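What follows is a single structure, written as structure tokens, with notes after it.
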Amino acid sequence: MPHMLYTEIPTQRPVTPLLDAIDHPQQLRQLEHSQLLQVADELRQYILYAAGQSGGHFGANLGVVELTVALHYCFNTPNDRLVWDVGHQAYPHKILTGRREQITTIRAKNGLAAFPAREESVFDTFGVGHSSTAISAGLGMSLARRYQKDPCEVVCIVGDGAMTAGMAFEAMNDAVAHDADLIVVLNDNDMSISCSTGGFAKHLAAIWEKGHLVNVNEHGEAYIQPHPKWTYNSRLHQSATDAADNLFKAIGFDYFGPFDGHDVTQLVQVFNALKKRKGPRLVHVYTKKGKGFAPAEADPITYHAIGKINAASGGKTPPKYSDVFGEWLCDEAAQDERLLAITPAMCEGSGMVKFAKQFPQRFFDVAIAEQHAVTLAAGMACEGLKPVVAIYSTFLQRGYDQLIHDVALQNLDVTFGIDRAGLVGEDGPTHAGAYDYAYMRTVPNMVIMAPKDENECRQMLHTAYAYNGPAAVRYPRGAGVGVEIQKEMTVLELGKAEIVAEIKANSDEQITVLAFGSRVMVALEAAEQFAQKHDVSVCIVNMRFVKPLDEQMIRDLAEHTHLFVTVEEHAIMGGAGSAVNEFMAQEQIVKPIINLGLPDSFLHQATHNQMLQDCGLDAKGILNSIERAWLKVNQVV
């Protein structure tokens with residue numbers, strides 16, 4: 001039965017009789033081998049339908065349909081552990097493990113998580129979202145079960161993009177040291193989110209160029225069995241040796257493949273045979289991202305994720321902050337040949353496609369290697385260049401030691417464009433940029449800015465670039481507020497806030513709102529409503545800088561302020577409001593103050609607006625918080 005190739009996303013639920021009978025992998029394992037092709041086809045159709053209903057990650061899931069069917073068919077899940085790296089590709093896994101009818105709720109409020117989550121299912125053995133963690137986690141599980149004298153098979157499914165991170169090789173090295181019973185499935189689709197880059201990608205390409213896909217059907221499972229005389233003697237293993245000098249063998253893994261990752265019959269043979277072996281084993285499978293859906297096969301980057309097919313679209317949308325960054329980057333580079341740009345595998349998401357085409361010799365995609373990205377920039381700065389690192393807030397966490405030790409300690413001239421700061425909606429807690437103020441503002445020499453709109457974002461990026469030292473601009477996901485962007489770039493005064501509005505009332509009482517970044521314009525709306533309702537003067541400040549704070553403005557405003565309110569789209573603990581509290585305490589400025597921001601909890605996915613409402617950071621929530629605080633200040637119960 002050939003693979004079906006679809007050209008449209010179905011709007012009606014497809015007919016899937018075999019899939020509908022599977023609520024547990026045990027029911028899958030009761031089917032005949034010959035029925036697995038139909039299961040895979042039904043699963044692919046259902047993913048197309050479900051993704052169209054809910055949106056979400058797309059191409060990666062279509063690419064692992066046969067692999068997922070084979071894994072759950074061969075291994076005794078959940079007792080045997082499947083550990084998915086990143087989790088973009090976990091939709092087929094969720095569907096086969098009792099969540100078929102819930103899959104259309106994925107990434108929605110109170111729906112299924114975007115990635116595997118331990119609290120959601122016993123089949124989700126490890127919570128993921130960030131890259132390159134699966135082998136470490138899987139090794140930990142394998143060693144724990146060995147220690148408990150209750151061994152099981154542990155299978156880590158890792159993409160070729162994730163294998164570019166050092167953590168993956170640290171884990172493989174340790175697995176060999178412990179002679180752990182561990183299977184790593186290398187899902188090689190020549191992609192991460194963007195195209196894979198670097199020496200490892202070239203190494204995999206060499207295997208393909210010099211070798212060939214191994215066909216177990218031609219020789220049978222005997223070619224995966226250990227030879228009685230020596231460990232690595234099998235024609236199957238030898239095929240990899242002939243294909244290229246093999247990095248995995250050099251580390252100490254027993255290597256098998258490469259296999260066709262869409263041949264479910266062959267994959268079943270391979271996995272059943274591998275269960276009879278012990279020690280660290282790596283199975284190399286080749287898959288196609290977007291498999292079975294023609295548009296996604298042709299353009300896997302665009303179809304990495306999709307929106308709902310029936311999502312309403314309105315008029316003209318303001319530019320995304322990532323696009324504002326990309327335009328600034330090109331403009332700044334045109335004026336200064338010292339500018340080099342670095343991204344850890346997020347060229348498209350960070351808005352750098354235009355720069356990469358316009359300045360290819362000055363563009364460095366270092367793959368999924370955030371630690372390396374930061375120290376690479378430090379080395380460039382040591383030679384008198386001015387590197388710009390474009391990175392998501394949640395991923396900069398992985399380069400924190402390098403930020404401190406390699407950049408800030410040496411006061412090197414590195415600019416950080418920190419994207420996806422704050423809440424990120426449907427991607428949930430693994431991707432939230434909720435902690436960057438806290439982990440950066442404690443670092444000496446750092447300058448931290450947050451723009452209120454897209455024009456200020458451009459000016460802040462220029463300011464950070466002009467600053468002689470480490471400086472960061474953090475901006476949110478999605479579109480700006482719709483203001484005109486000035487082509488001319490201006491260096492802002494370091495550590496200087498601006499008063500956005502002063503709303504005067506008849507009384508002498510005043511509230512001062514110190515707002516940061518994305519919450520400035522929303523806080524202005526709430527403050528205007530409060531002033532109208534309560535006849536109280538309100539001063540709204542765009543703080544601009546988290547570090548250095550505009551301390552003088554706070555001192556001056558304190559003389560007339562009866563209540564301070566700080567507002568930020570960041571964790572309250574350790575955030576910008578905490579910085580204001582610390583300053584006021586040291587200066588002995590004794591004024592009532594409330595801090596509005598993200599609570600001390602991991603926030604589950606919903607739309608961005610829903611999450612803001614739940615946190616009280618929309619205009620209504622901010623207004624309610626100010627009113628409650630004002631009642632306390634005036635001792636009105």
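Backbone N, Cα and C atoms are what each Cβ position is placed from, and that goes for glycine too.
The structure displayed is predicted, hence computed values, not measured ones.
The thiamine diphosphate binding site feature in Swiss-Prot is assigned to His88, Gly129, His130, Ser131, Gly161, Ala162, Asn189, Phe293, Glu370; the stated evidence is sequence analysis. Under the heading Mg(2+) binding site, Swiss-Prot lists Asp160, Asn189.
Overlay of Swiss-Prot feature records on the structure.
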residue: His88; record: thiamine diphosphate binding site; DSSP class: coil
residue: His130; record: thiamine diphosphate binding site; DSSP class: coil
residue: Asp160; record: Mg(2+) binding site; DSSP class: coil
residue: Asn189; record: thiamine diphosphate binding site; DSSP class: coil
residue: Glu370; record: thiamine diphosphate binding site; DSSP class: helix
Greatest C-beta neighbour count within 10 angstroms, which of the binding-site residues Asp160, Glu370: Glu370
Gly161 (thiamine diphosphate binding site): tally of other CB atoms within 10 A of its CB: 30
Span of the thiamine diphosphate site, taken as the largest CA to CA distance across His88, Gly129, His130, Ser131, Gly161, Ala162, Asn189, Phe293, Glu370 (Å, rounded to a whole number): 32
Nearest-integer angstrom distance between the alpha carbons (Cα) of Glu370 (thiamine diphosphate binding site) and Asp160 (Mg(2+) binding site): 16
Cβ neighbours of His130 (thiamine diphosphate binding site) where a neighbour is any other Cβ within 10 Å: 21
Cα distance (Å, whole number) from Asp160 (Mg(2+) binding site) to His130 (thiamine diphosphate binding site): 14
Those binding-site residues listed as His88, Asn189, and which of them has the most Cβ atoms within 10 Å of its own Cβ: His88
Rounded to the nearest Å - Cα separation of Asn189 (thiamine diphosphate binding site) and Asp160 (Mg(2+) binding site): 7
His88 (thiamine diphosphate binding site) versus Asp160 (Mg(2+) binding site) - Cα distance in angstrom: 13
